[in-house]
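Annotated in Swiss-Prot:
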{"type": "BINDING", "residues": "His80, Gly121, His122, Ser123, Gly153, Ala154, Asn181, Tyr288, Glu370", "note": "thiamine diphosphate binding site"}
{"type": "BINDING", "residues": "Asp152, Asn181", "note": "Mg(2+) binding site"}
Amino acid sequence: MSLDISKYPILALANTPDELRSLPKESLPALCDELRAYLLKSVSKSSGHLASGLGVVELTVALHYVYNTPFDQLIWDVGHQAYPHKILTGRREKLSTIRQKDGLHPFPWRDESEYDVLSVGHSSTSISAALGLAICAEKEQANRKVISVIGDGAITAGMAFEALNHAGDIHPDMLVVLNDNEMSISENVGALNNQLARVLSGSLYTSIREGGKKVLSGTPTIKELLKRTEEHIKGMVIPGTMFEELGFNYIGPVDGHDVNELVRTLKNMRNLKGPQFLHIMTKKGKGYEPAEKDPISYHGVPKFDPSNHSLPKSSGGKPTFSNIFGDFLCDMAKDDDKLMAITPAMREGSGMVRFSKEFPGQYFDTAIAEQHAVTLASGMAIAGYNPIVAIYSTFLQRGYDQLIHDVAIMNLPVMFAIDRAGLVGADGQTHQGAFDISFMRCIPNMVIMTPSDENECRQMLYTGHKHTGPSAVRYPRGSATGIEVNKEMQALEIGKGRLIRETKITEKGERVAILNFGTFLSNSVEAAEKLDATVADMRFAKPLDETLLCELVTSHDVLVTIEENAISGGAGSGVIEFLMKNRLIKPVLQLGLPDQFIAQGTQEEMHAELMLDATGIEKQIRDYLDL
């Protein structure tokens, strides 16, 4: 979206941080208003993450105004809130392409800009990376400042506290900014706290504090009394005792929407030594009333008209796989009071809103704590309950040791409902569910199910729920196929697939069998019709249907495996391992996700580019057969 200078006269003068820093401080509030208006207009036309960015406009302006970025290194945790940062770092004109194929990356991305220090997408990584940068900056005596911005949700993850604990121990010069937009830590925002922040971050207080420590170094009793008195006074008005105990100098809470106050506080803190912690209070969706009232709905938005003060309603078409899972939970919980549903902060995305309201005593949101979520489930399983962990494929990676150590080794009946398996689309490399079959297939005791449609998904969820060991059902983001769902549930036989189509080739030509794992079944059948190939819906990536495999390999000349998972180590690799072990030598073409991190784009665009749509599957098979 090109910039209308008449509507954004100050923003037009701040295309880069150098230009921003040349502006008079008095112009910053007006700049924030223009930046917020531009962000709203651009995202409403292109879709993307909105509410988080609206909430950090003043913080973004203040950080780039005070610090000499990119020499000073600024890291945004997760990255949903980084749209204002992209606008102010030379990418304003391209913002309308964000999350689109060949467009701006949805998150800060090192290959995209020198201002993006860390490529992000998952939460709670910023403090660890900032600490590493700060350590190296001190070793090089670079006088470089390192800043990490983390939200009140992301800071609850264990990794963030591990980094805080380490930083407090080794005492590097670094700043952690806590963007608190949920009132989860404190509500003490106002003039008193802003004044207190000025005093506590100011040079006079700092010099008195440090000087007093030196004078009293020889009198430990008085020194300890003074330290406790300081902590007691600060503890009465400041919710930062925990961070002080971790070794940080805590400042705040500060009004995160007062840009001049932020600039003053950051300038005071810029030259302080040791680990610093600035706590700011913001409102997610700030400046656009519907987003302020409903920040969850406006977190990620489709294209919409801001003047309508509402988002477009869904067409009410095909249900999503997440909906299928949510309905399954509710149906099962009616008759199973030992069903326990666990999610690491993905209630809405995993389709669990209805369940959380109808069965609150059986619903557990662990916040951003995937490791804890998995081991929590193991404890419930040991107690004789039936836990189900609803988790995105990309986030299950974060609980891998717990999956092995706390579930699989004990062969506990924990089911993993793995959403966003395969290509997720606009969120790009960090969110593609490309590896779960590969990293689960090597774990003993695991059962891995790959439904081809929503009805099969429902039956597999039931199968996993009734299974006496660990199991996983993986399904993609987005709409299902639209077939009628059988409300009656019946457990499938573990490790058994089914034939969908049989070739009619008898004498001429090579007989091809397509072994489908997952929701590419319709694409496989369409390609098979053109090739007159056999199609098997394998259903289970582990254990494989060895009987069906033996039948197919003896009656066909070529096998083709297809899955929406990395080819390396995936279901196709399992097929080859079985054939080699049993000396069944036949050529096997493996189709799936290549050995690369796959960028953003729609699911349809990426399937076509990777030749995993029906046309691409047919072409890859023809090329392999040299037809």
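Positions of Cβ are set from backbone N, Cα and C atoms, glycine also.
Long-range C-beta contacts of Asn181 (thiamine diphosphate binding site), restricted to its own chain and to partners at least six residues apart, with a cutoff below 8 Å, comprise Gly55, Gly151, Asp152, Gly256, Met281, Thr282, Lys283, Lys284, Pro295.
Counting only same-chain residues at least 6 apart in sequence, those with a Cβ under 8 Å from the Cβ of His122 (thiamine diphosphate binding site) are Val78, Thr394, Phe395, Arg398, Thr430. Taking Cβ-Cβ distances under 8 Å and a sequence separation of 6 or more, the neighbours of His80 (thiamine diphosphate binding site) in its chain are His49, Ser52, Gly53, Phe107, His299, Gly300.
One residue stands out among the binding-site residues Asp152, Glu370 for having the most other Cβ atoms within 10 Å of its Cβ: Glu370.
Residues near Gly153 (thiamine diphosphate binding site) in space but far in sequence (CB under 8 A, at least 6 apart, same chain), listed by position: Ser123, Glu182, Ala345, Ala367, Ile368.
Glu370 (thiamine diphosphate binding site) carries a helical DSSP state (H, G or I).
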